[in-house]
2 protein chains.
Amino acid sequence: MIKYPTGSGASLADFQKNQPVSPKEISFSDRGMTLEQQINESNQFYLAQKMAVVHKKPTPIQIVKVDYPKRSRAVIREAYFRQASTTDYNGVYRGYYLDFEAKETKNKKSFPLKNFHEHQLVHLANCLDQGGICFAIIGFMTLRRYFVTPASFVIDAWHEWKNGAKSSMALSDIVKSSIEIKTGYRPTLPYLEAVDQLIADRK
Amino acid sequence: MIKYPTGSGASLADFQKNQPVSPKEISFSDRGMTLEQQINESNQFYLAQKMAVVHKKPTPIQIVKVDYPKRSRAVIREAYFRQASTTDYNGVYRGYYLDFEAKETKNKKSFPLKNFHEHQLVHLANCLDQGGICFAIIGFMTLRRYFVTPASFVIDAWHEWKNGAKSSMALSDIVKSSIEIKTGYRPTLPYLEAVDQLIADRK
């Protein structure tokens, strides 16, 4: 039987940034929070309010060696990061399948397309084919501006990059193609309001 | 930059069973395959055929220590299994959000309810509230009979168990409440045909 560690909800990203998040530390503004933290906090809020069920997928790990100490929980002693085959977030909202990737930049004028990986765009295209609501949440962290950008726009821009046409998406083009998220008190990043607009535009 | 191991697609379950699965080894009958292997193989088929996008979620791991050897990929040296907060599988099919848990038994007459965990049923109930298509795939491995059982049936049975009324679901009740999967040539476990029926019944 697997024994789980007690009390910790820290994610890989928290670990990498050495900033564990406990419920007590959740703030209701975006000050100092990464985009991922803002989305995770918003998802907790949406789940508690029964507005949507969206979770971040765990990082895929290939486990090679596990110790099973007596009277203690199992310890993974050798493991490797694996390439993901999907985006980071998916879930269900008002009967719709949601699928999205979250990306942040400190740039002020454009978003570099190299931040997207091919498997993420292939997955978004596959989910679009199945009628999913697919997008990226793009955060310009210095500007504190956040966008729900349709997956179709990101996929087109990424292919243009691969064809040598451009290396980034201009903020002005993102503004035109996206729905800007009005940051709020609760949740921190109320992205579902922008998703409502995306769903309405699709019809 | 994270370097990924080359060539391996083995999952945690494969590791635990010491049976790595390579594409060459995929068979087109259920002989010797666990229920999870059958579902994963079927999901690969559905994805390749552009019929559905369903993935198994990675096992959540809490990472404590990582080594970054020079000229080599990162090695996780201390990590722990974490409690999941969702089911194992979700995805999108014909615009519907699918969410399910897969469970197998060697029993021939009933399925023990202790095999379901509370977080799985809470998650299924939350997804049902949002209009998702939620179910369990229950495999009676000795009988080679497989069922798509509506989440509502499993949730009710689980609460009866918690109230002391019963400890298992009788096969005869599962037959009545579920849609049996007709096992096939490709994919191994064509569960989407049963899901079509589940969707039709919901209307």
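Just so it is clear, glycine is given a Cβ too, placed from its N, Cα and C backbone atoms.
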Site co-member for Mg(2+) according to TrEMBL, given A:T86, A:D88, A:Q120, out of A:E101, A:E104: A:E101
Within 10 Å of the Cβ of A:T86 (Mg(2+) binding site), how many other Cβ atoms are there? 22
Once near-sequence residues are set aside, which residues in the chain of A:D88 (Mg(2+) binding site), 6 or more away, have Cβ atoms under 8 Å from its Cβ? A:E36, A:K56, A:K57, A:F100, A:E101, A:A102
With a radius of 8 angstroms around the mean position of the C-beta atoms of A:T86, A:D88, A:E101, A:Q120, what other residues of the same chain does the Mg(2+) site pick up? A:K57, A:A84, A:T87, A:Y89, A:D99, A:F100, A:H119, A:H123, A:L124
What does the structure give for the C-alpha distance between A:Q120 (Mg(2+) binding site) and A:K103 (site 'Transition state stabilizer')? Integer Å is fine. 12
Have a look around A:Q120 (Mg(2+) binding site) and count the other CB atoms within 10 A of its CB, chains all included. 24
Near chain B, which of the binding-site residues A:T86, A:D88, A:E101 can you find when the cut-off is a Cβ distance under 8 Å? A:T86
